[in-house]
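Engineer: The structure's right below; bear with me while I get my questions together.
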Amino acid sequence: FLTVNIFYTKSSCDILKADDMDKINQTFASEFLLLGFSGYPKLEIMYFILILLMYLVILTGNGVLILASIFDAHLHTPMYFFLGNLSFLDICYTSSSVPSTLVSLISKKRNISFYGCAVQMFVGFAMGSTECFLLGMMAFDRYVAICNPLRYPIIMSKVVYVLMASVSWLSGGINSIVQTSLAMQLPFCGNNVINHFTCEILAVLKLACADISLNIITMAVSNMAFLVLPLIVIFFSYIFILYTILRMNSATGRRKAFSTCSAHLTVVIIFYGTIFFMYAKPKSQEFPGEDKLQTSDKLISLFYGVLTPMLNPIIYSLRNKDVKTAVKYMLNRKAIQ
């Protein structure tokens, strides 16, 4: 969702000129057409079934984690509070794009209104930015828990971790407002076909027929704040965590420490690995195999947008005894009722 590697290619619309304003006003895009996987009509039913199943798993898995973190007193800790926020974020993120994608796959209705596109872009960008900060906060929480266990209740008090989560949500929302407003105020000169299955910001910027240098600059700043800074926090947190774990005399203590960090580290690797693979690579320009390359980009985006939120609750549930115990307790209580 963030990149500095944006290559703007002139098409039928060139950089705005003063005498072109009337023409642009007449061809202002009132809606967009999402191509999605329209080039592969025979596979659309398969994609529909696959995405629907994954979306149901996302809603169920993350919903259960949220309920467990709220109603089980044993999970009223900073780590599970952040985990509940992460699960809620994943539900919001996927719900902003997956339902419309499913509709387009089954009904062939691929158009989306200008404001609908803006809302979809805002929610997706806000959730992605917030998740970066939340993952950094979770890494810091693990650092304090393992490296300073005696001071953990003081450092990570309820006021502190609620404030940390609030800052993540607020900063992600502000960042998304800035990026979305800058993108959607650009003129599109009637060129409203988005070669994507969602209103992804880079795909929308390709349609603009104006100078997008301001967008590039603000996104570069956003990269530093929401990608690089949390990644630095995560990196140094785990350096200190690893150093502390290796100094432990107890093998049981080392296993327990590794266990509490492994789920979060797995999520970080999947999340950042997909983002950097998708956005940090050089963008191709007008090659014979460009259509195949764009299709692969869409599939990678689908992996980032659907598979990662689906894997998060599975990873945390499988590697965490407290979560599994809380879920079993909830299910048994419901069965008794």
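Glycine is no exception: its Cβ is also placed from the backbone N, Cα and C atoms.
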Engineer: Can you dig out which of the ranges 112-138, 193-219 TrEMBL describes as transmembrane segment?
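Structural biologist: Going through 112-138, 193-219 one by one, TrEMBL flags 112-138 as transmembrane segment.
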Engineer: Counting Cβ pairs under 8 Å that are 6 or more apart in sequence, does the total for the transmembrane segment (45-68) and the transmembrane segment (112-138) reach three or more?
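Structural biologist: No, since the transmembrane segment (45-68) and the transmembrane segment (112-138) share fewer than 3 Cβ pairs closer than 8 Å, they do not count as touching.
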Engineer: Restricting to the same chain and to residues at least six past its boundaries, which positions have a Cβ under 8 Å from a Cβ of the transmembrane segment (299-318)?
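Structural biologist: Distal contacts: 51, 54-55, 57-58, 61-62, 64-65, 83, 86-87, 90-91, 93-94, 97-98, 124, 196-198, 200, 263, 266-267, 270-271, 274-275, 277-278, 324, 327.
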Engineer: Just to confirm my parser: what is the rounded mean pLDDT across the domain 'G-protein coupled receptors family 1 profile' (61-316)?
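Structural biologist: Average per-residue pLDDT within the domain 'G-protein coupled receptors family 1 profile' (61-316): 85.
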Engineer: Determine which recorded stretch among 80-106, 224-246, 258-279 has the most C-beta pairs below 8 angstroms with the transmembrane segment (159-178).
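Structural biologist: Per the Cβ under 8 Å count, 80-106.
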